[in-house]
């Protein structure tokens, strides 16, 4: 439905009057046309068609000043409708209105700004950059420089991002987003190994400066700090492959200080409520789950099993969904919850709801991927607060008591990696749902992939691939002439994909090989095509330092042999845990050389490869919907709650 149709549906009387205005204009009765338009606008102030007719009529009457005024009103109307379209989620309409505004008034800076914001939300970075650059030509301000910085950071142009943050700070030295991001921004891809430590040192120094300069003694200081916290996550820090506990604790303490200054009533220690101590009074243990990813997302898939397989006689589930996407998995979360609250973009309302529900335990499936989740987790909204391995690194928050992990993913000394108390659940630590495979998968030719190639699937996000391990692909290719390594492009940035491709090219050249002969980077795939790609591949190559979790669960469902090498940290041991659970350890490497040898053997010995695949298919069911970890979690929570209640007696 067009905007005009929506307007006329809301005000039925306007349509015949509009038709009259058009007829009067065509007949040369310009004053009558203007009168009809004025009648329309008295009922439908945002009718752009009326402004268009009126501007044309005034122009035909030779009243250029009135015509210009109508054009200005037309531009402002398009702009207002653009804003309304954004709020309604009509991206295409919003773009059309903002572009119409700009066509009428090329100096309308806010139209460019909001158009750029819409393009950014659609991951159309080049168009967004062009819009914001145009704003700077008209009205250079700190917000625009900071917004450009965010786009450049997301598209992998980190140096440009920093330059724009610094330009924002030159205009407004206390600009919260520019200040925080200029100190804490990290690349989402490294060109060589030396860059990792360089950027890590810069991050550490920037975090220290932030801790020193944050001022929480005034309301303005608190608001500035809060705005900075609202726009930053340390997501890419964990992808450097090092122990992040010190830095995460430093950041976590800072986040807690800021949230405590803003919401002092929500940081005090909470006594354990009795079983009947809430409005529902059912006598069950009240467990809350909070995330922005309760939809078709990796977090949605790794968490749903805890709700599906819970003991419904003893536990009552309260789900707080703070994201915006609603799909079939969101509906399942709602069905599996006793109480489901969908509260996006409203931190205070979420916190009030949690406080009202008087939970015994609040569980965060992920902390560190979405800034508002970190903000909420930095408060004390339940007497026991836990985080799972959705984002598999310590939160560093003093308000998170337990880190729920996996017995197979953690080494004996792993507690030293966490500020929380580590709790290892059985096996993989999750009740992952079995993926539903396509009944008629795509063929190799559909991608296209050579029929005679040994397809090594490398489908992790590109930021998981650290440069020090690139040589592994070339070393395999040197021994498996038919090897074809299949990667997936970055979903939002050709810049990142191109830099990754250049990295492979340099590494293969060191082996006197051409990467284009062995490496194929496909665009991001829809779900059916993505799983078909697994089904048409021969070997799954896991990433070192940060292992695949969802991806490896999907590979097993497709009967795909996985080559992995368990790392020092839990995030590097997902595939290790999965294969240990299945009892298929033949393809778990001891080191990088062993990893290469196993991958080569799988490539050169098709019978061994088929044997591994058959064993995976025969026992894969034991990996999925495993309720053992759910029972273990429930037993742990019951013990902690009971102990706390007894200590209060």
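These residue numbers are counts, starting from 1, taken along the chain as shown.
Just so it is clear, glycine is given a Cβ too, placed from its N, Cα and C backbone atoms.
A TrEMBL annotation is a machine prediction, not a hand-curated record.
What TrEMBL lists as domain 'O-GlcNAc transferase C-terminal' is 279-428 (among others). Taken through DSSP, the domain 'O-GlcNAc transferase C-terminal' (279-428) splits into 42 helix, 37 strand, 71 coil.
Annotation source TrEMBL lists domain 'O-GlcNAc transferase C-terminal' at 443-618 (among others). Each residue in the domain 'O-GlcNAc transferase C-terminal' (443-618) has a pLDDT score, and their mean in this model is 97.
Look at TrEMBL and you will find 75-108 (among others) tagged as repeat 'TPR'.
Taken from TrEMBL, the feature repeat 'TPR' applies to 109-142 (among others). Same-chain neighbours of the repeat 'TPR' (109-142): 75, 78-79, 82-83, 86, 91, 94-95, 98-99, 101-102, 148, 150-152, 154-155, 168-169, 171-172, 175, 178, 491-493, counting only residues six or more beyond its ends whose CB sits under 8 Å from a CB of the stretch.
Feature annotation from TrEMBL assigns repeat 'TPR' to 144-175 (among others). Residue counts for the repeat 'TPR' (144-175) under DSSP, split into helix (H, G, I), strand (E, B) and coil, are 25 helix, 0 strand, 7 coil.
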Margin query: Can you work out which residues elsewhere in the same chain, 6+ from the ends of the repeat 'TPR' (144-175), have a Cβ less than 8 Å from its Cβ atoms?
Written below: 113, 116-117, 120, 125, 128-129, 132-133, 135-136, 181-182, 185-189, 224, 231, 490, 492-493, 495-496, 499
